[in-house]
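Q: Before I ask anything, here is the structure I am working with.
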Amino acid sequence: MKIKVGFGFDVHQLVEGRELWLGGILLEHEKGLLGHSDADVLVHAICDALLGAANMRDIGYHFPDNAGEYKNIDSKILLKKTVELIATKGYQIGNIDATICAERPKLKAHIPSMQQVLAEVMGIDADDISIKATTTEKLGFTGREEGISAYATVLINRV
């Protein structure tokens, strides 16, 4: 069995007039993330980690931000397509460990819903998805609530 590890990172700016999609769910917040798609930083970080582990470049390569078909797309669709892409090389997901950095909104109560939604999209157990939330203690762009970032590490194995 061949086991590979991948790492992903994403960041988007918080702006007024956008919905806040994070971890595949819609959160109530006065600002949302700016991007070509729905700008779900957690899903994007997971996609990049999966693609990296399979040595298949990155999310921007497969789903370019200048392509009209991805304008305002639900990032869960991109995640499903990413899982299908890595499957073409014989890989399946072992587990995911992710961290979201945001001052607000507080995410603790939303993590189980994120795990469930993402597990359904990827066809894995929610128990195989660890999501943690942290702040930057009011430091940097995240601390000033100018943006949200996410990091993801994945383990994939060849079936």
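Glycine residues also receive a Cβ, built from the backbone N, Cα and C atoms like all the rest.
It should be emphasised that the depicted structure is a prediction, and the values quoted were computed from it without experimental measurement.
Okay, so Swiss-Prot annotates it like this:
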BINDING   Asp10, Val11, His12, His36, Ser37, Asp58, Ile59, Gly60, Thr134, Thr135, Thr136, Glu137, Phe141, Arg144  4-CDP-2-C-methyl-D-erythritol 2-phosphate binding site
BINDING   Asp10, His12, His44  divalent metal cation binding site
SITE      His36  site 'Transition state stabilizer'
SITE      Thr135  site 'Transition state stabilizer'
Q: Report, as a single number, how many Cβ atoms besides its own are within 10 Å of the Cβ of Thr135 (site 'Transition state stabilizer').
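A: A count of 15.
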Q: Of the recorded positions His36, His44, Thr135, which one has its Cα closest to the Cα of Asp10 (4-CDP-2-C-methyl-D-erythritol 2-phosphate binding site)?
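A: Given the candidates His36, His44, Thr135, the nearest one is His44.
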Q: Which of the recorded positions listed here (His36, His44, Thr135) have a Cα atom within 10 Å of the Cα of Ile59 (4-CDP-2-C-methyl-D-erythritol 2-phosphate binding site)?
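A: Among His36, His44, Thr135, the ones whose Cα sits within 10 Å of that of Ile59 (4-CDP-2-C-methyl-D-erythritol 2-phosphate binding site) are His44.
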Q: What is the separation, in Å, between the Cα atoms of Thr134 (4-CDP-2-C-methyl-D-erythritol 2-phosphate binding site) and His44 (divalent metal cation binding site)?
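A: That separation, Cα to Cα, works out to 18 Å.
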Q: Do you know offhand how many angstrom separate Ser37 (4-CDP-2-C-methyl-D-erythritol 2-phosphate binding site) and His44 (divalent metal cation binding site) by C-alpha?
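A: Approximately 10 Å lies between the Cα of Ser37 (4-CDP-2-C-methyl-D-erythritol 2-phosphate binding site) and that of His44 (divalent metal cation binding site).
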Q: For Asp10 (4-CDP-2-C-methyl-D-erythritol 2-phosphate binding site), name the DSSP secondary structure in the helix/strand/coil scheme.
A: strand
Q: Express the distance between the Cα positions of Thr136 (4-CDP-2-C-methyl-D-erythritol 2-phosphate binding site) and His44 (divalent metal cation binding site) as a whole number of Å.
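A: With distance taken Cα to Cα, His44 (divalent metal cation binding site) is 20 Å from Thr136 (4-CDP-2-C-methyl-D-erythritol 2-phosphate binding site).
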Q: If you count the C-beta atoms lying within 10 Å of each candidate's C-beta, which of the binding-site residues His12, His44 ends up with the smallest number?
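A: Relative to the other binding-site residues in His12, His44, His12 has the fewest Cβ atoms within 10 Å.
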Q: Kindly assign His44 (divalent metal cation binding site) to one of the three DSSP-derived states: helix, strand or coil.
A: helix
Q: Around Phe141 (4-CDP-2-C-methyl-D-erythritol 2-phosphate binding site), which residues of its chain at least 6 apart sit with Cβ under 8 Å of its Cβ?
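A: The answer is Val11, Gly147.
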